[in-house]
């Protein structure tokens, strides 16, 4: 016999076969091929009868059921094919039940597990269950038979007798465990139990003390909540307590395990194997409970049977409190246990049988209406996650249709209830009497309507979408979910009998089981993304998180100020995400673009000059610094930067820094870790000197600091601290200003950092058997990998990490092919990117790979993204155990030969340079000339030459040796440019998203994006600067309005109409040069303008409604044209102005009117200092669908609309579309640090569209 406490190592001695001795009566099946293939012949290694069990060939849902005669702890299962035949089962699933009426599928890794069966007749295939099951009844569901024959089965189940102490609570009962003393105080508690509930609400455990301690474990809406508080001084007034929620759908009539472990304030709370650790609140480390601990409810003092909270209705087994078996003591009538109400010691079974409608398009169950049809009443309970679904229909003259949500129906609608797709059980009752129909939802007040006509002769539950020979109509979708407790005219419907009847009319239904699953538990959306689910899948809503992707894994922000310099941005306040997809949130910093460096500047709350007097070493003047970003962000910034510094401006008069007698510090500062420091300049710590001593120019060379001369005149000991490990300052103390005429002035500058020390962190691999090793990848749910490589080898493995069964590998499999391969235990998945050019050309190439629970992707350089979606019912945890091998494999074969750099995994850069110093066959750094990220500017690519390098500016709007020369042109009235190109897009809306319910479209995260940048100078308004449109009249337009403000218009959803965004109301037609950047990525729209004249009052969003007004303004701007200067225009990878100026004879370019090169009055580089403001707002809706990767981008037209008739026709046709929706945006308080401007778009799903750009 084994129980919950049986050690797994001893379990092998207790396990024995359970099927061999079963009598024939304890086998059942859905069907049998013949009597000789009856289910009782399905015993392992037996040859009686037909040599095993086979179902009827017409059985679409076969199953074989075992009654083990008692509850057992089942640990493994073994199968064979049918003896002497070509029949076997290649794949199968398991279900188990205590009653034989309500079944539960066997799950592993939170998915219904599919077992691999046999490939021949006689070989025994045995599976040890990763987690054992406690059951009496088992069902094996064959999914696929032999390709040579059919389905045939012999099996054996192994386990041991399972005994437990069970108590049944009827909803009005409880067990009270009373202490020997008035109260008990514990430092450590362990509570364990297993429960099976009939209801979604109910208290399982409760205890409280007079000082405010309490412990409550209760079910709320099918989830377990643990409330725990330790001696809180004011629990009632503050409402403070530690509450943790775990589990979901726990009212499913199946057993669930719970364990609570507490030591002092540290608690482990475990439900069904999922553990959450937390620290509870309170003043003490002990839990003090008065008098008793109650199980099953919270009875009022002195009133047995009355409860403060809804009490538990169901069964509890193996209830242990600190080593005390409570149920065993209750059964033996021990005096410590007091029973309230009727508690029995055997678990009652539920009489309700649930069925699952598996498909929203094909599931149905037709019931004959053999009741009195003068009136009709239908009652049932349902639970689902879907927003829409047809529950049942009854033929009337105008037809009665009951669905979860509205739709256009042929009859009047009866509407009642809300939030009915929350996964909870809901009850409905429909009653038809004469011409009145009433609807009652969840026992609320009935809603009635009038109808006419006679009742029909059938009732259809669900509805097949593609079959017309049923008396039902399906305006939306058929029902997908669970049903139970069905009554027609107050008569219960026996679902099991319907299943057994040969003439029953149903399809795609699972009987005796509710297969609902909470796909949002555990929460697989990262970075606080909101999980939204349907019956088959879940989606992550990343709105407002700063992250994007299928699971909100990827940051929408750049990682450093260096990234903005590479894109040609000017000095401004930017939002960055220092660790990308890591745990740190995005934050705002000041990026200062100098000629040769980009400084990241972080201020604090004491930037002004501070006058200090009256301080002593024993009572110093202390200043604590609070920076504009968190300490975690500061540490990450300093660690990733090449250089950091902080200036300390210190002026003194008769105020020393060090005691002149013994050198004792009279003033000091604390570093970021709170360690006391006494040096005041330079980058070498430990030297108690000031900058003048290091520079050799102190006013008195007898001292190391100017202030130590202690003169009655002002001296200066300003210095720059630059030892990164100590920065920034967290506190400073000045202690010698209490003497006559003593005075000091202090000013601490901001933290200033530049460079990315990891971007060129590299290693060279020159032996195929060599590799670098790092700790195991933390990639169970998600991982993103990015790196640069250059090689001349034909193939090689970039990295590999192995598990027991799982693995992940990224490799160059051929000169033109990169593969991402991973295995979650059910077979390898391979994603391949084919390059049109060889990748072993000794040039740097970029790879980014990502894998999460929803999808996996791979991108090489700027080639189209390859995406592979994960099936909803499959393992999703990548379980790795070995070290991470970089540049090779554990087998030391197929190693990489070449250079790797900037290897980043989940936001963490691996230090290849340092690891290579101690690894044979690997050198630190990489040979070549492209060894600095500042070689080529504005996104230019560094290309290795034999003895030097060149900058490839092809993909930029700039020119020159280092891609710093801006290409600009002046436009007169009537001049324009048309540009046509082939351009790949990666914005693919997958088939799964297109099939998803309408309510999930908001959550679809698309992959499409546009990046537009240009500079301009003009005095003329209104002016149309740029348009981009598709042939089906979707467009983007950038213009200056009549008041000179910048305006961006999108028409991406004809139903929603034109949406308009304005990042500011100030006039940009001021004759000054302005830079504009527009970037739409996923659901976010970013707009950056180089100058906002009145930054303190610039509005974030200036929506204008009314399509007529929008079109008139656009037409007026197009008619006037643009007169002025444009510079460095870029749309994604297209550079139309550059092509027009340098290759005007190209068939892709059409120049109309006069076009002259110009400097626009600007310098050749963008890296200048100016006030730049970035604004952001939330996208309201986005479904932007490119169905093919390579598309014809039809046109890009500059400034004036050269083909005026075509454009006017286009605009006025659009004018007839519906009025635009109201645009919502997130308003930010104006400040000196402007948040990014992200605006809301409603996008349409276009077909295979050509795209035209007018600029």
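Placed from the backbone N, Cα and C atoms, the Cβ positions cover glycine too.
Within the set 32-58, 59-85, the record from TrEMBL flags 32-58 under the feature region 'Disordered'. TrEMBL tags one of the stretches 1159-1185, 1186-1212 as transmembrane segment, and that stretch is 1186-1212. For the domain 'EGF-like' (516-553), DSSP puts the residue distribution at 0 helix, 10 strand, 28 coil. Around the Cβ of residue 899 (disulfide bond), 23 further Cβ atoms fall within 10 Å across all displayed protein chains. Remote same-chain residues near the domain 'EGF-like' (927-964) are listed as 562, 565-568, 596, 756, 759-760, 764, 790, 842-844, 862, 899, 1013-1014, 1128-1130, 1133, 1135, 1137-1138, 1142, 1164-1167 (criterion: CB distance under 8 Å, separation of at least six residues from the stretch ends). Taken residue by residue, the domain 'EGF-like' (927-964) breaks down under DSSP into 0 helix, 10 strand, 28 coil. Through the fold, the region 'Disordered' (32-58) approaches residues 17, 19-20, 22-24, 64-65, 78-85, 87, 124, 142, 150-156 of its own chain, all at least 6 residues removed from its boundaries and within a Cβ separation under 8 Å. Spatially close to residue 926 (disulfide bond) yet at least six residues away along the chain are 762, 763, 764, 790, 899, 901, judged by Cβ distances under 8 angstroms. Secondary structure counts, DSSP: the region 'Disordered' (32-58) has 6 helix, 2 strand, 19 coil.
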